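Pulled from Swiss-Prot:
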type     : residues               : note
SITE     : H148                   : site 'pH sensor'
INTRAMEM : 151-177                : intramembrane segment
BINDING  : T164, I165, T273, V274 : K(+) 1 binding site
BINDING  : T164, T273             : K(+) 4 binding site
REGION   : 164-169                : region 'Selectivity filter 1'
BINDING  : I165, G166, V274, G275 : K(+) 2 binding site
BINDING  : G166, Y167, G275, F276 : K(+) 3 binding site
INTRAMEM : 260-291                : intramembrane segment
REGION   : 410-438                : region 'Disordered'
REGION   : 510-535                : region 'Disordered'
Amino acid sequence: MYFSYIGYFFLPPLVAVPAAAPPVCQPKSATNGHHPVPRLSISSRATVVARMEGASQGGLQTVMKWKTVVAIFVVVVVYLVTGGLVFRALEQPFESSQKNTIALEKAEFLRDHICVSPQELETLIQHALDADNAGVSPVGNSSNSSSHWDLGSAFFFAGTVITTIGYGNIAPSTEGGKIFCILYAIFGIPLFGFLLAGIGDQLGTIFGKSIARVEKVFRKKQVSQTKIRVISTILFILAGCIVFVTIPAVIFKYIEGWTALESIYFVVVTLTTVGFGDFVAGGNAGINYREWYKPLVWFWILVGLAYFAAVLSMIGDWLRVLSKKTKEEVGEIKAHAAEWKANVTAEFRETRRRLSVEIHDKLQRAATIRSMERRRLGLDQRAHSLDMLSPEKRSVFAALDTGRFKASSQESINNRPNNLRLKGPEQLTKHGQGASEDNIINKFGSTSKLTKRKNKDLKKTLPEDVQKIYKTFRNYSLDEEKKEDETEKMCNSDNSSTAMLTECIQQQAEMENGMVPTDTKDQGLENNSLLEDRN
């Protein structure tokens with residue numbers, strides 16, 4: 001039974017799609033000058049696959065990958081297990097009840113007929129089963145019943161062999177019959193496959209004409225191609241169901257005396273080549289069938305198999321097309337996603353680099369402005385403090401300068417040398433008192449060089465209040481240099497945050513508005529207090 005499915009799907013001679021479609025499947029009137037639309041038919045060149053894949057494919061089929069085969073195998077196994085569980089749940093209770101019923105019937109028969117032993121009863125039942133397996137009904141008078149091997153019945157049995165249906169209600173019992181059945185099936189099944197192919201081609205022609213008319217009508221109404229294909233498929237299946245399923249089911253219900261469910265069950269099981277054999281047309285020994293009844297049933301099986309083969313082939317083609325289109329769409333989506341990711345990554349890197357450069361430049365400018373403002377404010381404060389000293393006190397500071405020196409390039413303003421010396425009280429003029437405040441402050445601002453060049457003897461002879469003022473200026477200069485170094489390090493680091501930029505800008509704004517930092521104000525107040533005490 002499974003061989004029929006293999007033939008329908010994998011062997012070209014056995015599939016109902018063998019030859020070129022007749023030209024009537026694509027009439028010129030149906031095209032209206034446009035490209036022909038994919039049509040549902042049984043012919044191989046009129047199938048959906050041939051039209052949707054295009055002539056570039058050349059009819060070549062790709063080999064299925066092992067991963068796909070394993071995945072399908074797993075799905076089939078799961079499907080089989082599910083079906084087995086459902087059938088067991090539905091049929092096992094009935095089987096158990098039948099076992100109990102036959103056991104009770106046998107016990108009751110032996111109780112009513114004491115003269116019959118259990119062994120004799122079992123022998124009688126076994127003979128009845130053998131007769132039934134041989135095709136002889138043990139019910140009623142078997143001598144008056146029709147033979148299972150008359151010409152009509154034998155013809156019907158031969159048809160079930162080459163169609164691979166195999167109902168199983170009758171089977172050859174002799175060795176000669178079994179050997180002939182093997183040879184008959186080997187040569188008959190391929191021959192029947194060719195016949196199915198020819199009938200399928202003719203059915204494709206008939207349905208192709210009908211579907212072309214339907215497509216022409218819908219194309220005039222400007223219906224989309226997808227809707228046309230869906231409607232054509234539905235009409236194709238409905239027409240086949242009416243001709244090959246509904247009408248035969250009604251006939252079998254009337255002749256065989258079956259219910260509607262049993263009739264439809266027999267039709268579907270037969271046309272799918274399953275053939276359980278529990279229901280067989282012409283197999284009721286109590287009905288006198290006409291001689292032409294069984295040959296007519298076999299002819300219906302022939303045409304119905306061709307139709308069902310076309311339906312199954314069409315479903316398989318649609319699945320292949322959908323699978324291929326899905327793979328192509330997934331590939332396109334992956335390509336677009338990769339391209340989009342690359343573009344976004346490049347844009348992100350460029351934006352990050354640009355922002356990093358801008359932030360770094362702003363931080364550098366802010367740090368430079370802050371350093372210059374601090375230096376300017378510190379110089380102003382020192383100059384103001386020195387101006388408050390008397391000429392005698394300033395002469396003492398002038399004595400500390402034993403040699404000429406200048407500020408470092410880092411601390412000097414505009415890299416100018418500081419060559420100005422403080423003069424004594426007798427040499428101090430009005431011009432000397434107010435001249436070059438910047439050079440004076442730069443000398444005292446360079447604490448490192450001042451420490452190296454200062455005269456230790458003069459330092460020891462300085463008064464205590466002057467030493468306090470000197471230490472205050474020195475500590476203040478050291479603190480200022482440390483703050484400037486820390487600010488430059490923070491501004492030059494790669495991981496500087498925008499918070500530092502905000503702080504620098506705020507401090508710059510405060511300095512531009514004339515606000516003096518708190519530490520500078522405190523230091524100035526302390527210097528003023530020391531000077532007042534000294535005076």
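Using N, Cα and C of the backbone, Cβ positions are placed for all residues, glycine too.
Remember, it's a predicted structure, so these values are computed and weren't measured experimentally.
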Distance, Y167 (K(+) 3 binding site) to H148 (site 'pH sensor') (CA atoms, angstrom): 13
C-beta crowding around H148 (site 'pH sensor'), within 10 angstroms: 19
Between T164 (K(+) 1 binding site) and G275 (K(+) 2 binding site), the C-alpha gap once rounded to whole angstrom: 9
Among G166, G275, which are binding-site residues, the residue with the most C-beta atoms within 10 angstroms of its C-beta: G275
Residues in the region 'Selectivity filter 1' (164-169) grouped by DSSP into helix, strand and remaining coil: 0 helix, 0 strand, 6 coil
Cβ-based isolation winner (fewest other Cβ atoms within 10 Å) among the binding-site residues Y167, F276: F276
Alpha-carbon spacing, G166 (K(+) 2 binding site) to V274 (K(+) 1 binding site), which is rounded to whole Å: 8
Of I165, V274 (the binding-site residues), the residue whose Cβ has the fewest other Cβ atoms within 10 Å: V274
C-alpha spacing of Y167 (K(+) 3 binding site) relative to V274 (K(+) 1 binding site), in angstrom: 8
Confidence summary for the region 'Selectivity filter 1' (164-169), mean pLDDT rounded: 84
Nearest-integer angstrom distance between the alpha carbons (Cα) of Y167 (K(+) 3 binding site) and T273 (K(+) 1 binding site): 9
Spatial separation of I165 (K(+) 1 binding site) from G275 (K(+) 2 binding site) - C-alpha basis, Å: 5
Count of other CB atoms lying within 10 Å of the CB belonging to T164 (K(+) 1 binding site): 21
